[in-house]
Structures are given as C-alpha cells and as structure tokens.
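Heads up: the structure comes next, in structure tokens.
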Amino acid sequence: MKIFRTEQVKYIDAYTIQNEPIASIDLMERAAHALFGWFRNRFHNNRKVIIFCGPGNNGGDGLALARMLLNVGYNVHTYYLSSKSYSEDFNTNLVRLKEASSSIYMINSPKDFPKIEPDDIIVDALFGSGLSRPIEGLAADLISSINSSNALVVAIDIPSGLFGEENSVPNSNPVVRASYCLSLQFPKIAFFMSENEEYVKDWRTLPIGLHPDAIEQTPSPYFYTTLSDISTNLLNQSKFAHKGSFGHVLIMAGSYSMMGAACLCSKASIRSGVGLATLYIPKCGYEIAQTAVPEALALTDSNDTHLTNYPDLNKFSAICVGPGMGQDTETASMIRSLIKNSTKPLVIDADGLNLISKNIDLLQELKAPAILTPHPGEFDRLFGKSSSSWEQLQKAISMAQRYGVIIVLKGAYTRVVLPNGEVHFNSTGNSGMATGGSGDVLSGVIAGLLARGLEPKDAAIIGVFVHGLAGDLAADDFGKVSLCATDILNYICKAFQHLTKK
Ligand SMILES: NC(=O)C1=CN([C@@H]2O[C@H](COP(=O)(O)OP(=O)(O)OC[C@H]3O[C@@H](n4cnc5c(N)ncnc54)[C@H](OP(=O)(O)O)[C@@H]3O)[C@@H](O)[C@H]2O)[C@@H](O)CC1
Ligand SMILES: Nc1ncnc2c1ncn2[C@@H]1O[C@H](COP(=O)(O)OP(=O)(O)O)[C@@H](O)[C@H]1O
Ligand SMILES: [K+]
C-alpha cells in the first residue's frame with residue numbers, strides 16, 4: 001500500500017472532491033460514518049462520550065461523529081475550542097449537531113474544561129493533518145488535562161499535536177496520548193517511529209473511498225506492506241519442479257560458540273523453499289551442522305574456530321554471510337575478498353555487517369546486488385548514530401542510494417529501503433521476536449528466497465513480511481513472553497501457507 005505525507009493526503013482529498021465528484025461536506029460525512037462504525041462496534045452506549053473538537057475539519061469529523069452517536073442513544077458531550085475562525089464544514093456540522101443535542105459547549109478558558117471520569121471515553125478531534133505548528137496556550141492546557149485523566153482516548157486521524165512525519169525528539173510539545181488512533185484511509189509515517197509509541201498505542205486505518213486515480217498518480221517513496229501487497233505468483237511451484245529448480249543457497253556462518261546462528265539461518269532458508277542449502281562453517285561446527293540440519297550439505301573451512309576463506313561460488317545462486325561468524329581479522333579479510341569477488345547476490349548480516357563497518361567504502365566494491373540486514377545498533381555502527389528514528393530512516397535512504405544496496409533496517413515496522421529511495425514499512429511482527437536468533441532466521445528466509453530466484457527487492461520485502469508473520473502466528477500459540485527464534489523458524493511453514501492460500 002502506497003502511503004503519503006499529510007500534505008499529499010490533502011491533495012488526494014481535494015482531487016476526490018473534484019473528480020468523484022463529492023461535496024466536501026459529504027466526504028466528511030463518509031469519514032464520520034466510518035469512525036462511527038468502528039466506535040459502535042467497540043463501545044457500548046452506557047459509557048459517557050466526551051468529544052473535543054478543534055476549529056478545522058478534524059473538529060468537523062468530531063462534530064459529525066457526535067451527531068451519529070447521539071442518534072443511536074450514546075450519551076455524548078461535545079466541547080469545541082473558541083477560535084477566530086472555523087472551517088466551513090465545521091460550521092455546517094455544528095449547526096447539524098445543535099439540531100440534535102443541547103450538550104455542546106465552547107471552551108474559552110481552562111475553567112470550561114469538563115471533569116473527566118476514568119470510565120469516560122474521550123474522542124480527540126482537536127487537530128489532524130492540518131497541524132501547522134506546535135500547540136500552545138489553551139489547546140495545550142486541554143491536551144494536558146486529557147493526558148492526565150485516566151480515560152480511554154480515541155484520536156481521529158492522528159493524535160492532536162503529532163505531526164504526520166517528523167517530530168522533535170525528545171518531544172517537548174503537547175501531544176494527546178491516544179489509546180486508539182483511527183487514521184483516515186492511510187497510516188501516518190509518524191506511527192512507525194518508536195519515539196511516538198506513547199501517543200499512538202494502537203492504530204488502524206478506516207477506508208473513506210479516496211479517489212484511486214489520485215492515489216495512483218501521487219508520487220511517494222513510502223509504502224506499507226500488507227498481505228494484499230505480496231505477489232504469491234512469485235512463490236509458485238511448477239508441477240515438474242525438481243530440487244535444481246529452486247536454487248542453491250550458500251550460508252557462510254558460525255564460529256566456535258555461535259553455531260546456533262548458522263543452524264537457525266540455514267534451516268530458515270530451507271523452510272523458505274530453496275532447492276539446496278550448503279552450510280560453510282569452521283571445522284568445529286561440522287558435527288553440529290550435520291546433526292542439527294540434516295537437510296543441508298556441510299562444507300568446512302580449513303580453520304577450526306572461525307571462517308578464513310570461502311568455497312568456489314560458481315554453483316550457488318545466492319549467498320548469506322555473517323550470522324554468528326565472529327569478528328576475527330582472518331574473517332575480516334575473507335569478507336573483503338568475498339565482497340570484491342562475488343557475482344552472486346549477497347545477504348550480509350550480523351558480524352558480516354560489523355566487519356564492514358570498519359571499512360564502509362568496501363560497499364563501493366560490491367559486484368553483485370546486496371541486501372544488508374542491520375538491527376538499529378548495527379546500522380549505527382555502519383553509518384553513524386542518528387538523533388531520531390526519522391533521521392535514521394533518512395540516512396538509510398541516502399546510504400541505500402549511495403551504495404546501491406538494499407538496507408533492511410530491523411525492528412518494529414522493519415523498513416526495507418531500496419537503492420531507488422523507496423521505503424517499505426513492514427506490517428507483521430511483534431515484540432516477542434526481540435529475542436536472540438530471530439535475526440538469523442530472517443537472513444535465512446531472505447537468502448532462501450533470493451536463491452530461489454526472486455529479485456532482491458522481492459526477496460527482501462516478502463522475506464521480512466513472512467518472517468514477521470511467522471512470529472505473529474507463533475505468538476498466537478505461545479504468547480510473546482516465551483517466543484523464541486526456533487518458534488519463528490517452526491512457523492515459517494504456516495506463514496507461507498497463509499500467503500499461498502490467500
Ligand atoms: N484528508 C482526508 O482524506 C479527509 C480529512 N478529513 C479530516 O480533516 C482533517 C484535516 O483538516 P484541516 O485541514 O482543516 O486541518 P485540522 O487538522 O482540522 O486543523 C486545522 C485548523 O487548526 C489550526 N491549527 C493548526 N495548527 C494549530 C496549532 N498548533 N495551534 C492552534 N491552531 C492550529 C489551523 O489554523 P491555522 O494553521 O490556519 O492558523 C486550522 O484552523 C483531517 O485530519 C481529517 O480529520 C475528513 O473530514 C475528510 C477526509
Ligand atoms: N518489537 C518488535 N516488533 C517487531 N519485530 C521485532 C521487534 N523486535 C525485534 N523484531 C524482529 O526480530 C528480529 C531481531 O533481529 P536481531 O536484532 O538481528 O536479532 P538477533 O541478532 O538476536 O538474531 C528482526 O527481524 C526484527 O525485526
Ligand atoms: K486528532
């Protein structure tokens with residue numbers, strides 16, 4: 001799903017009004033109806049609902065929602081900020097609401113704030129995508145009052161005070177802390193930044209029928225990967241397929257005390273449909289590999305404890321290098337040589353990245369497409385520290401462009417950043433996956449798909465999605481607390497089944 005900056009959504013909104021065509025007030029009615037549907041399914045009408053409205057169309061949405069809730073028997077109290085001017089649709093909805101309710105109050109000063117009980121439901125319709133500067137004065141006091149109540153808060157479109165993309169870190173501006181955020185049609189990029197977790201605990205999008213032509217024509221480098229974006233044709237299995245049809249992956253991983261990473265990674269590549277997997281390991285790992293991963297071939301380095309060389313690459317269709325590999329100087333020279341000589345696509349993970357970070361311009365010597373899979377710590381080691389997730393993302397974009405590599409910046413909403421500057425935020429995965437070995441499973445999945453013949457971009461985007469989905473399905477059965485990397489590995493099958501059945 002393509003996603004947009006807030007000012008672009010304004011354009012798509014205006015295009016829809018002009019070309020559907022639909023009157024602006026009717027588009028607002030449609031948005032309010034979507035909000036109403038969600039609200040009614042979620043909350044019984046025995047709880048008091050307090051709706052706070054600002055002077056623009058976000059406030060207009062709040063007023064229209066108030067009317068719809070009143071019509072079906074909710075106990076609704078509506079408060080709106082005094083302002084020099086209000087949007088036209090706000091005014092129309094205020095008139096409409098006044099015909100249905102007498103519980104409408106203007107807020108002129110803090111003494112007009114209502115008392116909020118813990119069981120009340122607050123709707124935050126103060127400011128949406130039209131926020132033009134940090135909030136001050138009366139509106140800021142109101143936000144403090146909302147945040148200090150223990151009531152549940154439902155924000156319309158975006159928590160008031162939060163900008164759609166970049167926000168200062170730490171954020172000293174007043175922002176509503178929403179329990180739920182109902183974002184109209186698209187998620188906001190700000191939802192994917194870890195610093196905003198306290199404002200956006202749970203969010204969902206509500207479709208409001210914005211014009212498909214405007215969505216198609218408006219350029220954006222940002223995407224959100226959901227199930228419907230995954231092209232399952234890429235996973236087709238021909239009836240006459242044989243193991244040679246699905247590629248041969250080389251996994252270069254492991255060292256003394258870190259053979260687990262090599263096993264997890266190679267098993268994950270096998271579960272991702274590769275025809276053959278060869279594990280290249282130091283001698284100490286031979287019996288471990290042959291016992292733990294019977295499906296893989298095992299080749300050993302001349303060294304006992306760490307990798308110092310790589311095998312003939314001719315027969316392999318993709319290579320994964322790095323998991324549990326350690327950072328010995330001999331391993332460092334091996335990876336330098338591998339980068340300069342491999343014409344086979346590479347997945348570089350973990351210690352592979354740590355070794356490259358000592359000489360980042362090595363990336364300029366890559367002969368083959370490469371997918372780098374850093375977690376935020378590895379990313380900082382490679383490209384330097386950032387002061388916020390937004391800045392880190394912009395850095396990932398410029399580094400992917402500079403070196404012509406794919407960067408998979410891992411974490412919640414893993415970002416797959418392409419050399420053309422596109423960013424694909426992933427929708428699957430959960431915090432139960434923040435456990436040792438999860439990343440080794442991911443690099444194996446991506447390498448398996450790459451070896452099967454998927455384009456690097458597809459291998460990265462689908463690999464990240466499937467890995468997160470496996471983690472979600474495993475968490476459904478085992479819970480997040482106990483989830484471990486082996487569980488993710490064991491649920492890769494179910495994740496692929498889920499995709500190919502869709
Ligand atoms: N897009 C869609 O698809 C659809 C969008 N819809 C809804 O419209 C919302 C966007 O509405 P919007 O453009 O009227 O902006 P909104 O957020 O209400 O605020 C603007 C007002 O606030 C003011 N203001 C701004 N910052 C301020 C500050 N710091 N402190 C004080 N004042 C401040 C600003 O004043 P100004 O900046 O001009 O001084 C202006 O008066 C969107 O989020 C969604 O809910 C749906 O109805 C239909 C489909
Ligand atoms: N909070 C989270 N939400 C979603 N996915 C997560 C979360 N924390 C970690 N993950 C995923 O788990 C994996 C962890 O990888 P990594 O940090 O490299 O682990 P390790 O080095 O132990 O293998 C990544 O794919 C990451 O996206
Ligand atoms: K809002």
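Cβ from N, Cα, C; glycine included.
Keep in mind that TrEMBL annotations are predicted by a computer and have not been checked by a curator.
In the record from TrEMBL, residues D124, S160 bind K(+); the candidate from N58, N71, N75 listed for the same site is N58. Summary of the site annotation: TrEMBL records AMP binding at K410, G411, A412, Y413, T414. Screening the candidates G377, G384, G439, G444 against this entry identifies G439 as the one listed for that site. Listed binding-site residues near H375 ((6S)-NADPHX binding site): T414, G439 (candidates N58, D124, S160, Y413, T414, G439; Cα-Cα distance within 10 Å). Highlighted here are the binding-site residues (N58, D124, S132, S160) whose C-beta falls below 6 Å from ligand 3: N58, D124, S160, in sequence order.
Of the listed binding-site residues N57, S129, S132, S160, the Cβ environment within 10 Å is emptiest of other Cβ atoms at S132.
Proximity of the binding-site residues N57, D124, G411 to ligand 2, judged by a Cβ distance under 6 angstroms to any of its atoms, singles out G411 in sequence order. Residue density at Y413 (AMP binding site): 21 other Cβ atoms are found within 10 A of its Cβ, drawing on all protein chains shown.
Among the binding-site residues listed here, namely S160, K410, G439, S160 has its C-alpha nearest to that of N57 ((6S)-NADPHX binding site).
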